[in-house]
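A.B. asks: Dropping a structure here in structure tokens format, bear with me for questions.
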Amino acid sequence: MVNSTHRGMHASLHLWNRSSHRLHSNASESLGKGYSDGGCYEQLFVSPEVFVTLGVISLLENILVIVAIAKNKNLHSPMYFFICSLAVADMLVSVSNGSETIVITLLNSTDTDTQSFTVNIDNVIDSVICSSLLASICSLLSIAVDRYFTIFYALQYHNIMTVKRVRIIISCIWAACTVSGILFIIYSDSSAVIICLITMFFTMLALMASLYVHMFLMARLHIKRIAVLPGTGAIRQGANMKGAITLTILIGVFVVCWAPFFLHLIFYISCPQNPYCVCFMSHFNLYLILIMCNSVIDPLIYALRSQELRKTFKEIICCYPLGGLCDLSSRY
């Protein structure tokens, strides 16, 4: 794992570190030394400062989301609790990647006696990243299930998704993902671990896609049924659909940002010596940047899609330190 960092390689997990280390040797064997010394098959270098900067931005943004949800009682609903879980996962993924940049720098600059300790720290960070990835996927799936219940079981929703039940679900998600993440790193020498992670990723996406196909095919029918009920049923149903659309955007961004990373893993398993696969895998650092961008983009989506959350952001950022600035800005 140490040798894989000499060309500025910043790997996000121990098994990915190992795969990137083999990248150049595979290119050399199959394509000749001239190809591996430069061009498409040379590892793309990204400055460590970029990783650290994105990590800090993600940390501040997602802390803001967590504080806003905790502060505003109007946001104490199942969907926002799951969003809070997603924000924690995003924050840990991005901050851990930024922290690993520092660890890798220390790994390359310290002597042999201290490298073993640094490697152990790196493995702990890898476990956090892997656990957070799994928690992100599970949190997105939980939000999808929550939106499904709000649309198809609107009248029974509050009996089904109680706050206590949501807290238990989130606790179980993080407990299971933490154990799984640690096991993935412990047994990272096996290709079966990568295959398992890829399978989990696409299985979760398939489940969410199935829920959404059903939701959007039947949503209009349920809106018509709710509309004939007294009170504000139609308004509530419209808000539920808005939440479903918000999650659609979140899932879309998640897929765009994470798909290249998982495609890298698929190529590493299936065609590690194919010239096109090697060329794609040489941009691994770029895929890590995309992953961190996902953690930066998600809080912006929350703010754009939720007026209540946006209002709370404004109160936290402006009103406390700057007094009446929020009152002034609200007039315009």
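Placed from the backbone N, Cα and C atoms, the Cβ positions cover glycine too.
Pasting the feature list from Swiss-Prot:
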DISULFID  CYS40-CYS279  disulfide bond
DISULFID  CYS271-CYS277  disulfide bond
CARBOHYD  ASN3  N-linked glycosylation site
CARBOHYD  ASN17  N-linked glycosylation site
CARBOHYD  ASN26  N-linked glycosylation site
LIPID     CYS318  S-palmitoyl cysteine
TOPO_DOM  1-43  topological domain 'Extracellular'
TOPO_DOM  70-81  topological domain 'Cytoplasmic'
TOPO_DOM  107-123  topological domain 'Extracellular'
TOPO_DOM  146-165  topological domain 'Cytoplasmic'
TOPO_DOM  187-191  topological domain 'Extracellular'
TOPO_DOM  216-248  topological domain 'Cytoplasmic'
TOPO_DOM  272-280  topological domain 'Extracellular'
TOPO_DOM  305-332  topological domain 'Cytoplasmic'
TRANSMEM  44-69  transmembrane segment
TRANSMEM  82-106  transmembrane segment
TRANSMEM  124-145  transmembrane segment
TRANSMEM  166-186  transmembrane segment
TRANSMEM  192-215  transmembrane segment
TRANSMEM  249-271  transmembrane segment
TRANSMEM  281-304  transmembrane segment
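Surface or core, plus neighbours and distances: that's what I need for these features.
C.D. replies: For CYS277 (disulfide bond), the number of other Cβ atoms no farther than 10 Å from its own Cβ, over all displayed protein chains, is 21.
Taking the Cβ of CYS318 (S-palmitoyl cysteine) as centre and 10 Å as the limit, one finds 17 other Cβ atoms among all the protein chains shown.
Averaged across the topological domain 'Extracellular' (1-43), the predicted model reaches a pLDDT of 44.
Using a Cβ-Cβ cut-off under 8 Å and counting only residues 6 or more beyond its ends in the same chain, the topological domain 'Cytoplasmic' (70-81) has close neighbours at 143, 146-147, 150, 161, 163, 166-167, 170, 243, 308-309, 312, 315-316.
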A.B. asks: Rounded to an integer, what is the Cα-Cα distance in Å between CYS318 (S-palmitoyl cysteine) and CYS271 (disulfide bond)?
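C.D. replies: The separation of the Cα atoms works out to 52 Å.
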A.B. asks: Against the transmembrane segment (281-304), which of these stretches has the most C-beta pairs under 8 Å: 124-145, 166-186, 192-215, 249-271?
C.D. replies: 249-271
A.B. asks: Looking only at the topological domain 'Extracellular' (187-191), what are its DSSP counts of helix, strand and coil residues?
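C.D. replies: With helix first, then strand, then coil, the topological domain 'Extracellular' (187-191) has 1 helix, 0 strand, 4 coil.
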A.B. asks: Using a threshold of three or more Cβ pairs below 8 Å, and leaving out pairs closer than 6 in sequence, do the transmembrane segment (192-215) and the transmembrane segment (82-106) count as in contact?
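C.D. replies: No, these stretches are not in contact.
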A.B. asks: Measuring Cα to Cα, how far is CYS279 (disulfide bond) from CYS271 (disulfide bond) in Å?
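C.D. replies: With distance taken Cα to Cα, CYS271 (disulfide bond) is 11 Å from CYS279 (disulfide bond).
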A.B. asks: Which one, 44-69, 124-145, 166-186, has the most C-beta pairs under 8 Å toward the transmembrane segment (192-215)?
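C.D. replies: By Cβ pairs under 8 Å, 124-145 leads among 44-69, 124-145, 166-186.
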